[in-house]
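Listed in TrEMBL for this protein:
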- 1-41: region 'Disordered' (REGION)
- 94-117: transmembrane segment (TRANSMEM)
- 166-189: transmembrane segment (TRANSMEM)
- 201-220: transmembrane segment (TRANSMEM)
- 226-247: transmembrane segment (TRANSMEM)
- 309-332: transmembrane segment (TRANSMEM)
- 359-381: transmembrane segment (TRANSMEM)
- 410-430: transmembrane segment (TRANSMEM)
- 436-460: transmembrane segment (TRANSMEM)
- 481-500: transmembrane segment (TRANSMEM)
- 512-531: transmembrane segment (TRANSMEM)
């Protein structure tokens, strides 16, 4: 897919800040007659005209130079922000290498990927898990607005904005909780009598939230500078995990790894079981890579750097996770024992067969610390996603959420809200671990919907109105359409299988609750649209140069 200018849009902060939308700005219902403009339509047109006047006036050159200097933007960054009609409110601290490290840590390919193998091992076994690893790419709700058919951009981008928000908030909670779970696992491997109390898991999750919040808010200025060093630890710790396993752990045979499938879920056919077991592969592919896109307004020369960062990190992660998965499955000598291990993690079962408890604890400490670093950078991206959608007035309390802190130049309120959501989800775990995991399972489902829809909208515009696509500094050229078609097809395929439960017969405890929760969340979003957002949310394309005239 041709990656377009991924720097999220905007330009001169000083003047546009005074003109920015308020929560009271209204837009007429689309069903209203277009021959007699309403008062609300006039208000929207006045806002858009005022913004356009500020951007086009000749006496803004000094403001432009000042903005470039203060925000550390390049002229290309400023041009992209101006084209999309958004103010440059954040500072571009990140460069190419620090962004690569940022995204690599956010994805935590092996630190998380090796701990979500259970679905694939349950439905498909070792061979089924090896068959489930496949790629997927995606984009943001802004692209849905810009590339969707004009008459549908508003509602489609609104839906994508909500599903993206749901996905990132759920993923944030899951990553924060994993730190607490790893700490409890360390206690268990050193004390077999430990019972994994739910309330302790929640308290540990609170601790992880506090650390992540502190790192994002109070460590905002140094955020781009420590990641390169942690990225090196990320690689060294990976080697520290797999090398002892290679050397000392019992091994399965080649036949067991590549040809011995297992239908632990009790499905009618082995083929169906393997397809359901794709969740492990899907979840490692669809989360985290687009953190670069969400951080675009803080990356220097973003249109050039962001797509290359995403490709580079994807390749790095593939080179890490595939050998890691192969290592784990080759050293599971007893699949049933690995799935029933007291730690609940087959990856730790493999370690227990290779090295003493003391060294396992050291490795798990490193993994937990790396996940803490991952949580910090992931929370940073989560807050930018929330900030962007609130800036376009797609959420309740959008004005408060989208406020930029004058001292730190980051969306602190969005970080407070995201941290609060994570704490609330952690409280659910005390009453029902099942409910907590059901909510966090929404991450993959919501991201797949958002990715597939946005790529589909880009594909539609490439086929029907290619002249309206902006110039890109990164393009697949003639391969763009075939890659887009393949991405939409694969994304739709994964979206379908992501709703299936792991086992049959299906009980309340074993149901994949992602489907009803996903539907309920969409119903809630649409109710908010009907009663409130239809008067405030117009879609970011209404501010894009060359397109906004169509919406006046």
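Cβ coordinates come from backbone N, Cα and C, glycine included.
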Can you work out which residues elsewhere in the same chain, 6+ from the ends of the transmembrane segment (226-247), have a Cβ less than 8 Å from its Cβ atoms?
97-98, 100-102, 104-105, 110-111, 114, 320, 323-324, 327-328, 331, 350-351, 354-355, 359, 363, 366-367, 370, 373, 377
For the transmembrane segment (410-430), name the stretch out of 166-189, 201-220, 481-500, 512-531 with the most CB-CB pairs under 8 Å.
201-220
Would you mind listing the long-range same-chain contacts of the transmembrane segment (359-381), meaning Cβ under 8 Å and 6+ residues beyond its ends?
102, 105-108, 111-112, 168, 171-172, 175-176, 178-179, 182-183, 185-186, 189-190, 208, 211-213, 215-216, 219, 223, 227, 230, 233-234, 237, 240-241, 244, 288, 291, 294-295, 348, 351-352, 415, 418-419
